[in-house]
Structure formats: C-alpha cells, structure tokens
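Novice: Quick one: the structure is below, and I'll ask about it shortly.
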C-alpha cells in the first residue's frame, strides 16, 4: 500500500485562504492552529509557516494587539492581491516583449554589412593573415626584450636586491656558526658537515 502524499505548499495556502473566505472572521494564531489541521488537513507543524507566507504575500492582513496577533482576509483582499499580481505579471510580460524587440532590432542592425560576399570573405582572410603576422612579430620582439635598456636596468635592480638578500643570509649563517662554536666548541668542519654548509661558503663578489 503506497504512502499517502502530503499537501504541497500551494495546496496548503489555498486551503488556509478558504478558512478566511468562508468564515469571514478575525482569527488568532491559536484559532488557525485548531481549524487548519481538523478542517483542512494541514499539518499542525506547518500552520504557522503557511500563514506567514500568506501575510508576506499581502493575501492575509495581520495586526498585533497587546500580546496577541490577529489575522483576517476578507474576499476583497484576495481579489485585490490577485489583481496586483496580475498587473505585475502583465508589466513583466510587457517589459520582456520590449527587450525582445530591442534585441531583435540590434541583431538586424548588426547583420548590416556582414553578408557573405566575395569582398567580405577576402577582407576576413586578410584580417586573419594580419593577426597571424602580429603574433609572429610579438614573439620575435619577445626574443629581443633582454636587449631593451629598460629591461636591462630592471634586471640590474633586481640583481642588486637579490645580492643584498644573499648577503644578509650569509651574515646570519656566520653569526649562527660563531655562536655555535662558542656555545658547543664545534670546529668549522664539523659545523659545515652537520648543517650541509659548503666548505667554500662565503660572501658573493
């Protein structure tokens, strides 16, 4: 036996609206929580959420008086909400039609001068050839960038910065070696072997 399928959100909203339209009264949340499950088959756990969705969509009015919230939705309210919704949809449809017409107009305008003629085909081939030549020239130019005075100067500056950094690290290595020799009485050979320091380790010229 298949399990009974629950109500969809739209079905719950429709059934709850029927409570308001049929009874034409003002309710508290506790009233709706009693009526909706018994008369409309809406699960108690979803009553509050369904009601709030109707309030959010302006299909049900709500007012707080003291510590209680009161809800109502007379027939004119539902009619007004549907009318507003219809107007919104009509406006959206009208805007979509205008955008479509604008796009079609732009497409037609873009097509002008792009017909597949012999002259256009020849110009396209020439354009492609020029693009390929430009790519080759850029690649050739890249080969000679090292001869560019600005590039050479930039490389000199970068080399100077790198050399300064190497010197600082060399200072640090010698300082650590000196401290270690004093602290543990290690000789240079033992230190170099322990830390993988080349025997000819020294400052750069």
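Glycine too: its Cβ is placed from the backbone N, Cα and C atoms.
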Novice: Name the residue range among 8-34, 35-61, 62-88, 89-115 that TrEMBL annotates as region 'Disordered'.
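Specialist: Of 8-34, 35-61, 62-88, 89-115, TrEMBL gives region 'Disordered' for 89-115.
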Novice: Where DSSP helix means H, G or I and strand means E or B, what are the helix, strand and coil counts for the domain 'Leucine zipper with capping helix' (150-204)?
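Specialist: Helix, strand and coil residues of the domain 'Leucine zipper with capping helix' (150-204) number 43 helix, 0 strand, 12 coil.
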